[in-house]
Amino acid sequence: MASHAVTDALLLPRSEGAVAGAVDFRGRPASRASTGRWSAAMFVLGVEIAERFAYHGVSANLISYLTGPLGESTAGAAAAINLWSGVATMLPLLVACVADAWLGRYRTIVLASLLFVVSMGMLTLSSALPAFHGDGGGCSYTSKSLSCAPSTAQVAIFYVSLYLVALAEAGHKPCAQAFGADQFDQNDAKESVSRSSFFNWWYFGMCSGTAMTTMVSSYIQDNIGWGLGFGIPCLVMAFALAMFLLGTRNYRYYVSTQSSPFARLARAFVALIRGSKDDALAVVDDDDGGDHREELRGVLRLFPIWATCIIYAVIFSQSSTFFTKQAATLDRRIGESFRVPPAALQTFISVTIIAFIPVYDRAFVPVARRFTRASSGITMLQRIGTGLVLALAAMVVAALVEARRLGVARDAGMVDDPKAALPMSLWWMVPQYVLFGLSDVFAMIGLQEFFYDQVPDALRSLGLAFFLSIFGVGHFFSSFIISAIDGATKKSGASWFANNLNRAHLDYFYWLLAGLCAVELVAFVFVSRVYVYKKRVPHNGCDVM
């Protein structure tokens with residue numbers, strides 16, 4: 001983009017019809033009338049729905065693939081999934097800096113979407129082609145089939161593909177949401193309200209994609225084959241990328257002439273460590289006039305909120321691992337012949353979110369606004385705190401339901417028959433999924449908006465990466481405690497995570513998480529009470545096409 005166009009965009013008064021700081025796809029000052037707003041954001045939302053469809057087409061039923069065709073143990077599979085999920089949600093810290101400093105959000109989204117298509121194609125090939133199967137062919141891999149040992153090539157290609165999906169997720173996740181929010185000018189009264197609403201509808205779209213793939217892909221993977229189950233999300237992602245490119249003319253792009261976010265923050269951090277009066281107390285500027293000290297302060301002051309949401313992230317990771325294994329032991333019949341895939345129960349999380357977000361956005365917020373006089377109804381931290389309370393309630397319910405499931409197994413004399421369906425309906429597990437969904441409406445969306453809104457404007461992709469890193473650390477911590485508890489409890493008898501869940505004690509694990517969440521909630525309330533929200537300043541975006 002031409003430098004004079006960037007200068008014009010930064011200086012042109014809003015009264016002349018241009019959005020301050022923004023350019024269009026040709027590098028000209030962005031017209032308020034013909035760029036951005038919902039007409040542009042919908043293209044970004046569309047590619048996000050497809051990304052959720054693709055990602056959850058892998059992650060939602062991954063534990064069934066690892067413990068089925070790949071033959072891993074329950075504890076080992078859960079730890080491996082948490083490790084992979086942790087990588088997928090920590091990598092955005094690095095990728096967001098690359099996007100903010102060099103590539104720009106638009107290009108990063110395009111490249112990440114292409115990588116999604118490639119990696120999903122590799123997953124499809126590794127699970128479908130007979131050449132990768134240990135017996136040379138002839139196996140139909142479903143979650144119930146253990147007759148074929150996976151070949152070394154299949155396992156290697158599968159894990160390479162899986163971590164390429166994590167890299168694609170890392171590029172897509174922080175940039176797509178920030179790019180979508182950039183389509184609304186925070187300094188325009190009407191667009192500012194739309195941007196707050198955007199975060200609600202963004203999560204609504206995410207959950208729509210998740211719900212669709214959880215129902216469709218999990219059924220195909222369990223009953224037809226894993227190749228088709230991975231192949232459909234690949235095709236959906238390819239189509240969505242084409243649609244995203246069609247919106248190129250409608251987008252607003254923000255331009256940064258500053259150095260890498262990591263470089264600026266690292267420079268300020270080194271200055272603070274040195275303790276020099278000139279370095280640590282003075283404003284540290286570079287050639288572009290960036291106030292490194294203020295940026296560093298703006299990031300560091302978010303750390304207490306970040307730290308007091310880690311256990312929430314640990315709880316979040318259980319719905320796609322142990323919940324799915326529990327559901328596989330229950331009576332999942334609907335009608336005479338249809339059996340609900342265990343992973344499909346996760347749909348209740350998405351359906352709850354889809355049902356409640358319009359209620360929250362159109363009913364709860366207007367009512368709350370009358371009492372609080374806040375445009376968002378309640379503050380971002382109040383919203384997050386409510387979500388933590390609901391997460392705690394979800395784990396208490398999960399522990400009670402699991403205790404009942406174990407009791408049913410004992411009473412029915414089926415403790416040593418783990419493959420048989422217990423005389424306990426799958427509907428017993430629905431309340432914990434619904435509570436998870438309600439918790440997400442408050443905590444997940446609140447965290448997304450908080451880390452987008454409260455970081456310095458030039459670091460917004462990085463801010464959403466910090467939000468994702470909560471879940472990265474949470475997944476890593478979940479993997480660690482599962483491995484540690486598994487090793488410790490094996491020594492004293494049956495593991496809490498035994499392959500035979502009828503002899504395991506997931507209820508103990510859920511009570512442990514509930515207790516940790518209660519401690520975390522107390523700490524969150526304390527740090528929230530002393531937190532001071534960032535003052536709003538004119539927008540200075542940081543995206544290039």
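Placed from the backbone N, Cα and C atoms, the Cβ positions cover glycine too.
What TrEMBL records for this protein:
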| type | residues | note |
| --- | --- | --- |
| TRANSMEM | 83-103 | transmembrane segment |
| TRANSMEM | 110-132 | transmembrane segment |
| TRANSMEM | 152-170 | transmembrane segment |
| TRANSMEM | 201-220 | transmembrane segment |
| TRANSMEM | 226-246 | transmembrane segment |
| TRANSMEM | 302-323 | transmembrane segment |
| TRANSMEM | 343-360 | transmembrane segment |
| TRANSMEM | 381-401 | transmembrane segment |
| TRANSMEM | 433-452 | transmembrane segment |
| TRANSMEM | 464-488 | transmembrane segment |
| TRANSMEM | 508-527 | transmembrane segment |
Ranking 201-220, 343-360, 508-527 by Cβ pairs under 8 Å to the transmembrane segment (433-452) puts first 343-360
To the transmembrane segment (302-323), which of 110-132, 152-170, 226-246, 343-360, 508-527 is linked by the most Cβ pairs under 8 Å? 508-527
Apart from its near flanks, which chain residues at least 6 from the ends of the transmembrane segment (508-527) lie with a Cβ under 8 angstroms of it? 304-305, 307-312, 314-315, 318, 322, 384-385, 388-389, 391-392, 395-396, 398-399, 402, 485, 496-497
What else in the chain is close to the transmembrane segment (343-360), if you only count residues 6 or more beyond its ends and a Cβ gap under 8 Å? 60-61, 64, 200-201, 203-204, 207-208, 210-211, 214-215, 218-219, 221-222, 319-320, 323-324, 327, 426, 429-430, 433-434, 436-438, 440-441, 445
Take the transmembrane segment (152-170) and find every residue of the same chain, 6 or more past its ends, with a Cβ under 8 Å from one of its Cβ atoms. 51, 54-55, 58, 70, 84, 87-92, 94-95, 112-113, 115-116, 118-120, 122-123, 125-127, 131-134
Sequence-distant residues near the transmembrane segment (110-132) by C-beta distance (under 8 Å, 6 or more away from its ends) are 47, 51, 54-55, 57-58, 65, 69, 95, 103, 138-139, 141, 150-151, 153-154, 157-158, 160-162, 164-165, 167-172, 175, 225-231, 233-234, 237-238, 240-241, 244-245
